[in-house]
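**Student:** Pasting the relevant annotations from TrEMBL:
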BINDING   Asp20, Asp22, Asp217, Tyr229  Mg(2+) binding site
ACT_SITE  Asp20  active site, nucleophile
ACT_SITE  Asp22  active site, proton donor/acceptor
BINDING   Arg29, Arg131, Arg142, Arg149, Ser187, Asp189  alpha-D-mannose 1-phosphate binding site
Amino acid sequence: MSSTSSFADRKRPDTICLFDVDGTLTPARLSMSDEMRALLQKLRKECVVGFVGGSDFPKQVEQLGSTVLADFDYCFSENGLTAFCLGQKLPAQSFIEWIGDEEYNKLVNFILRYIADMDLPKKRGTFIEFRKGMINVSPIGRNCSQEERNEFEKYDLARGLRKKFVSDLRAAFPHLELTYSIGGQISFDVFPTGWDKTYCLRHIKDQGFTKVHFFGDKTYEGGNDYEIYTHPDVEGHSVKNPEETMKILNELFF
């Protein structure tokens, strides 16, 4: 594990900026712009820079680029359950080892039956995506196109489908200490309580940082940025899009 001494070349080596990915560094599920990439390179001269997202590492590489391990000081996939510091992998955690196959199968069977009974204009494929630290649940299916993503997001916002789904899951599995976090356009994450984005803070807690900035767009209660945005050790910045992220960074650092 590295400490702030590894970042002595920065103007503020005891300051770290952490970024959500979708809606903060990039448009949802799309690639990071050259303008954002250039600004982050400039920011790394000022302080330590990392990202934290719910997606697995390969999806983050698709969005942030193949040189992501060199472009960021800290890379936190699946909320930090898969983590890298200066390109080196850190110890990982496993959702399936935590929950066990018996309870996991009950949870998955409930979700699949629930989605089968949902009356949606469109359904595609990959309704549950199994990840190392969580599962991601999508009523429309993650195989939908970008246009279908946009359509579902509007449909869901008008009807609260994901919110009701989460409420029904909480009622069905009260004995499991699970957190349900709505993020992105089409899905929500399910993971052990405490394994939200604040999990990544465990990796930096004893590394000498005195200021932790976090930038995210789903900072409302129930959104997947809420817990880290409101964490007492974090200075949170709520943004609507990558353009606002860049605006705030320029105001804070340049």
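Each residue, glycine too, has its Cβ placed from N, Cα and C.
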**Student:** Rounded to whole angstrom, what's the largest C-alpha distance between any two of Arg29, Arg131, Arg142, Arg149, Ser187, Asp189, listed as binding alpha-D-mannose 1-phosphate?
**Tutor:** 21
**Student:** Given the Mg(2+) site residues Asp20, Asp22, Asp217, Tyr229, which other residues of that chain have a Cβ within 8 Å of the mean position of their Cβ atoms, reported in sequence order?
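**Tutor:** Sorted by sequence, the hits are Phe19, Val21, Gly23, Thr24, Gly183, Phe215, Gly216, Lys218, Thr219, Gly223, Asn224, Asp225, Val239.
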**Student:** Just to confirm: which same-chain residues, 6+ apart in sequence, have a Cβ under 8 Å from the Cβ of Arg29 (alpha-D-mannose 1-phosphate binding site)?
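**Tutor:** Expected: Asp22, Gln63, Gln146, Arg149, Gly184, Gln185.
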**Student:** Measuring Cα to Cα, tell me the gap between Ser187 (alpha-D-mannose 1-phosphate binding site) and Asp217 (Mg(2+) binding site) in whole angstrom.
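**Tutor:** The separation of the Cα atoms works out to 15 Å.
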**Student:** To see if you understand the setup: which same-chain residues, six or more apart in sequence, place their Cβ under 8 Å from that of Asp217 (Mg(2+) binding site)?
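**Tutor:** The list for Asp217 (Mg(2+) binding site) reads Asp20, Asp22, Gly23, Thr24, Asp225, Ser238, Val239, Lys240, Asn241, given in order along the sequence.
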**Student:** Using a 10 Å radius around each Cβ and counting other Cβ atoms from all shown chains, which of the binding-site residues Arg131, Arg142, Arg149 yields the largest count?
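**Tutor:** The largest 10 Å Cβ neighbour count belongs to Arg131.
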**Student:** Express the distance between the Cα positions of Asp189 (alpha-D-mannose 1-phosphate binding site) and Tyr229 (Mg(2+) binding site) as a whole number of Å.
**Tutor:** 17
**Student:** In Å, rounded, how far does the Cα of Tyr229 (Mg(2+) binding site) sit from the Cα of Arg131 (alpha-D-mannose 1-phosphate binding site)?
**Tutor:** 23
